[in-house]
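Chemist: Just dropping this structure here.
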Amino acid sequence: MHSDLLNSQSETLLALCRPGFEADLAAELNFHAADQMVAGYPRATANSGYVLWHSQQGSLASLQESGLIFARTLSVCEGEFSDIGDDRISALWPLLEAAGPFSELYLEHPDTNEGRELQRFLRGFRKALEPRLKKVGLLRRQAKQRLHLFFSDSHNGWVGTSPSAVPLVEGGVLRLRLPAEAPSRSALKVEEALIRFFGSADALNAKTAVDLGAAPGGWSWQLARRGIRVQAVDHGKMAPRLLDEYPVQHVYGDAFTWRPRSKVDLVVCDVVDKPARTLQHMEKWLTQGWATAALFNLKLPMKRRFQETWQLLEKLTAAMERMDHLGEPVIKAAHLYYDREEITVWASFHRSY
C-alpha cells in the first residue's frame, strides 16, 4: 500500500477514457500542463482505458471542474494499493479514514473486457464496504468530495477523490435506455451530452430548433419529446411516427446550404463530414445569428486527434469572441460513451442553458 503519493510538490491524477484513446488523453493532459506551467508527465498504456498524470510541481486538479474532452472521469489520487489480500477493506481502511468523509462511493474499473469481468466482484465489495463507511460517518451526503476506488484488477488500483459538486457518472459510463419509439440509437448521444454538460437531459430551455442532416430523426426525436418544435432538414427519409406524433416538420434540403427564415433557439447537427467543414458551418449559424446555441458532433481525424480538435475549438472560440455583442462564448466538448470516432460539442452565447 502506498499512501504517500501526494505531498506539497506532487500530485497524481487518474483519468478514465475509452480504450484506444489513451494517447489522446495524455496529449490533452500535456497541453493543459504546459498551459498552466505544471511540471509532470503522463503514464499511459495502449487500450488500458485510463491514464495517470504525475505532477512533479504544481497541480492540474482544477481540470476536475473545467473537464477534459477525452476523460470520462478525473480524480485526484490519495494513494495506490498493490497486491492487497482478500481482506481489502482492512487494507484500505487507514487511507479511507485519512481521506474522508465522502458524499458517495464510486467503484470503478477499466472499460475493457478484463475490466468488465470485475463488475460482479465490485457489486459484492460495495455491499460490504458501503455500510461500514456509513456506520462510522465516512459516507454522508453533505460531504464535499466523492470517493473513487479504481481497480485495475481485483487486488490493485488507486484511491481517489473528486468534488461532489462536479456532475460525474460512476466510471464515466452512462448507460441509457433506448425507447422503442426512438428512430435511431443516435438519440442517446443527445441525452448523454445534456447530462454530461448540464447535469440533466431536461436542461434545455429552447422552444425552437433545427436539426441539420436529421434523417432518420434520432436527434429530432430527443428534442421534440421535450416539447421543442423542430425543423428536420434532410433529403433522406424521416421516421413516419416522428412526423405524425411529435412537433417535427420535415424540410427537404441540404444540411450545408439550407437557411432558416427566422432565428431559432438551437441548431443540432450530426453529419458524416470533415470536422473542419462541420465546425465552420456551426460557426456560421452562431455568428450570423441564425441560432442562439448549437449542439453538434465533430468526426475525429485519424492522427493527432486532440491537437486537431483543440485547434478547431479554438477557432470557434475566437470567431464567437468577435461577436461580443451577443455575449460571452460558452463551449463544452466531450468524447461521450455513445460517441465512437467523434466528439460532441455544445456552443452558445448564453449561460442560461
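Cβ atoms are placed via backbone N, Cα and C, with glycine included.
Pulled from Swiss-Prot, these are the listed features:
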type     : residues                                                       : note
ACT_SITE : Lys299                                                         : active site, proton acceptor
BINDING  : Ser186, Ala215, Pro216, Gly217, Gly218, Asp234, Asp254, Asp270 : S-adenosyl-L-methionine binding site
Chemist: For Gly218 (S-adenosyl-L-methionine binding site), write down the residues of its own chain that are at least 6 apart in sequence and whose Cβ falls under 8 Å from its Cβ; none is a fine answer.
Modeler: Ala182, Pro183, Ser184, Arg185, Ser186, Ala187, Leu188, Lys189, Val190, Asp270
Chemist: Ala215 (S-adenosyl-L-methionine binding site) has how many other Cβ neighbours within 10 Å of its own Cβ?
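Modeler: I count 18 other Cβ atoms within 10 Å of it.
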Chemist: Using DSSP with the three-state reduction, classify Lys299 (active site, proton acceptor) as helix, strand or coil.
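Modeler: Note: Lys299 (active site, proton acceptor) is in a strand by DSSP.
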Chemist: Whole-number Å only: compute the distance from the Cα of Asp254 (S-adenosyl-L-methionine binding site) to the Cα of Lys299 (active site, proton acceptor).
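Modeler: For Asp254 (S-adenosyl-L-methionine binding site) versus Lys299 (active site, proton acceptor), the Cα atoms are 19 Å apart.
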Chemist: Considering the binding-site residues Pro216, Gly217, which residue's Cβ sits among the greatest number of other Cβ atoms within 10 Å?
Modeler: Gly217
Chemist: How would DSSP class Gly218 (S-adenosyl-L-methionine binding site) in three states?
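Modeler: SS state of Gly218 (S-adenosyl-L-methionine binding site) = helix.
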Chemist: How many other Cβ atoms are found within 10 Å of the Cβ atom of Lys299 (active site, proton acceptor), counting all protein chains shown?
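Modeler: Total other Cβ atoms inside 10 Å, all chains included: 17.
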Chemist: Cα distance, Gly217 (S-adenosyl-L-methionine binding site) to Lys299 (active site, proton acceptor), nearest Å?
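Modeler: Each residue's Cα considered, Lys299 (active site, proton acceptor) and Gly217 (S-adenosyl-L-methionine binding site) end up 19 Å apart.
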Chemist: Can you tell me the three-state DSSP label for Asp270 (S-adenosyl-L-methionine binding site)?
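Modeler: Looking at the DSSP assignment, Asp270 (S-adenosyl-L-methionine binding site) belongs to neither helix nor strand, so coil.
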